[in-house]
């Protein structure tokens, strides 16, 4: 029986306000995890910055850190928390998504996946045990199970076979995680495991898989294989189908999603955890989120705009600089431009989650969601 870590504090409709207790601090949910693929946010954002902008959880990538600097080096440096000077929770994804999306020459077998590194082409094998070993070396707070991220579209026959294999892989992940957590030299002996629900856009397969993995009594459950080309309506339909069949006393994580409007829709359906590279990636290109939706600071109309990115925003960029100045930095190819916009976008997302939590606490989430969607008008 897993230790009770999640407490449901309040429900407003299906929207959930909770707390998730971890060895590295208590996470207030719903939460957006800030993505630092290689143990850093792209855009010259430090772990100190993350604290300043309200980040609760940092997400790093198993596949990328395995390739460089190498998970064994991270372990020798005392684990990811010590390595990147971050004392709050870290979630590591299993590497599965990158293996299936980035790596070349994949061969999927029952034991795992054979593939070529996207960096130097060398042959690598990763299976459930290897993914758990790498994540154990990294010492993250939460490890994700190794699964196959099914391409969209896929035939029903292929999805059924893939989901059955993902279930067998999850059983192996759990067994290996239990073994690793018992070893004397393990970085984090309380490392937690989240399982991942798959099934493409086939609701009945999704539901059966949710029922199966629910019985494994894991620390949390993710809905994977979305935001890979399906429509928003298909994504929401899958969430509606799956959430009722996952345990109410465990957090639910929607992987890789997404836009602020997607987050509001998913929170309304009972989702607790989110992550996406979108706010940082957009920021690096001058696309920033505001209370009126997303704007592109590269546009000529901002050349003489003396306002902050988003009036009323308390992020470091908005408190100190104008749209005109930041646009100038982009045109001059100054790195500070990217840094300021990434800081702003991540602050925007973290503050959105704080406001969502307040709305659920106050029992006005439906009104809050409607107001935000109206303000953004399809631009966020």
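Yeah, the Cβs are placed from backbone N, Cα and C, and that goes for glycine too.
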Legend entry - Of the candidates 287, 328, 344, the one that Swiss-Prot places in the Zn(2+) site of 313, 315, 318: 344
Legend entry - 249-255, 256-262, 263-269 - the one Swiss-Prot records as region 'RNA binding': 256-262
Inset, instruction - If Swiss-Prot is the reference, give me the range from 270-274, 275-279, 280-284 marked as region 'RNA binding'. - result: 280-284
Inset, instruction - Take the region 'RNA binding' (256-262) and average the pLDDT across it for me. - result: 95
Inset, instruction - If we count other C-beta atoms within 10 Å, could you say which of the active-site residues 93, 275 has the fewest? - result: 275
Legend entry - Separation of alpha carbons, residue 275 (active site, nucleophile) and residue 318 (Zn(2+) binding site) (Å): 23
Legend entry - Largest separation between Cα atoms (Å) of residues that the record links to substrate, namely 93, 94, 95, 96, 97, 147, 198, 225: 15
Inset, instruction - Using DSSP reduced to three states, classify residue 97 (substrate binding site) as helix, strand or coil. - result: helix
